[in-house]
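Asks: According to Swiss-Prot, the feature active site, proton acceptor maps to H179, an assignment based on sequence analysis. As annotated by Swiss-Prot, NAD(+) binding site applies to V18, D39, K44, Y69, G83, A84, A122, A123, N124, S147, with the evidence given as sequence analysis. Swiss-Prot lists Q86, R92, N124, P125, V126, D127, D152, S153, A154, R155, T233 with the feature substrate binding site. The feature beta-D-fructose 1,6-bisphosphate binding site is assigned by Swiss-Prot to R157, H172, with sequence analysis given as support. What Swiss-Prot records for Y224 is phosphotyrosine.
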Amino acid sequence: MTATKQHKKVILVGDGAVGSSYAFALVTQNIAQELGIIDIFKEKTQGDAEDLSHALAFTSPKKIYAADYSDCHDADLVVLTAGAPQKPGETRLDLVEKNLRINKEVVTQIVASGFKGIFLVAANPVDVLTYSTWKFSGFPKERVIGSGTSLDSARFRQALAAKIGVDARSVHAYIMGEHGDSEFAVWSHANVAGVGLYDWLQANRDIDEQGLVDLFISVRDAAYSIINKKGATFYGIAVALARITKAILDDENAVLPLSVFQEGQYEGVEDCYIGQPAIVGAYGIVRPVNIPLNDAELQKMQASANQLKAIIDEAFAKEEFASAAKN
């Protein structure tokens, strides 16, 4: 996609709870001029396209339709939400093999269409499926992006903001690592309007050390809490995807926490996608933003990456996945 292109086209693959919520976010936030939706349940997809189109008189003109894979050929962005949902009691990593098969089938058909844009992956386990999208597509690593820890970081900022009594937009803090159980908070660089978090807390006494531990656990386990109550999470990730989409289509060079390919940014972390901040624009990842981690944080990053690598290596040792790899 050229940064000056006026007509911006998004194809969404997967019209489940996350996908349809994302489509709704694009419509209400006036993002993109064309939205095609692909799903195996074609009648439901046609219904969603019609329903979303009825909101356009309140927003802005947009072409919305039930698409097929041939429509990907001139898209700027393809967003992948298709996959088996996470069930109560199931971790994101439990989903690996069944969603890898779906991912392989979907990515192969998208590439066959002649697609030359950017992949944005949200299906879980997102770090593993972003890696597999890169492998199956043969695309440059900069043009394959995962939603990563974007939602986790938003949850973290919101939880901190609620505890200390400020707007979440004034809290600057990141969750890094796997989007899942091995993620970690980068406490060493968290700040409120430029004031280091620990300095802020020392001056204001809003929360003690155990309170911070409990806050992080609530952030890390938020998805499990929501899944147990309503069966799935979709609104938060949908808005996170819309934010990433806007940054790409508008060539914002925004810094967002995403699944980013690792090639030595952090010692001992290579050949995997994992959550870290990165600059993102019209051509995908411009460059990662390598927050200097303290020793404890680096160890957590390495442990998280090692867990992901073990799963990736096991999966791609199987002929059905290894034979489809192009990278």
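Backbone N, Cα and C define each Cβ position, glycine as well.
Thinking about packing and proximity, how do these listed features fit into the structure?
Replies: According to its DSSP assignment, H179 (active site, proton acceptor) is coil.
The Cβ neighbour count for K44 (NAD(+) binding site), using a 10 Å radius and every protein chain shown, is 15. Taken residue by residue with DSSP, K44 (NAD(+) binding site) is part of a helix.
Secondary structure at Q86 (substrate binding site), taken from DSSP and collapsed to helix, strand or coil, is coil.
Listed in sequence order, A168, R169, V171, H172, A173 are the same-chain residues at least 6 apart in sequence whose CB falls under 8 Å from the CB of R157 (beta-D-fructose 1,6-bisphosphate binding site).
Y224 (phosphotyrosine) falls within a helix when secondary structure is assigned with DSSP. In the structure as shown, the Cβ atom of Y224 (phosphotyrosine) sits within 10 Å of 16 other Cβ atoms.
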Asks: Quiz question: given the recorded positions H172, H179, which has the greatest number of C-beta atoms lying within 10 angstroms of its own C-beta?
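Replies: Of H172, H179, the one with the most crowded Cβ is H179.
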Asks: If one measures from the C-alpha of Q86 (substrate binding site) to the C-alpha of V18 (NAD(+) binding site), what distance in angstrom results, rounded to a whole number?
Replies: 12
Asks: By a simple count of other Cβ atoms within 10 Å, which of V18, A122, A154, the binding-site residues in the record, is least packed?
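Replies: If we count Cβ atoms within 10 Å for the binding-site residues V18, A122, A154, the smallest count is at A154.
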Asks: Return the member of V18, K44, A122 nearest to T233 (substrate binding site) in space, with distance defined Cα to Cα and candidates limited to these binding-site residues.
Replies: V18
Asks: Taking Cα atoms as reference points, rank the recorded positions D152, A154, H179, Y224 by distance from N124 (NAD(+) binding site) and give the first.
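Replies: It is H179, whose Cα lies nearest.
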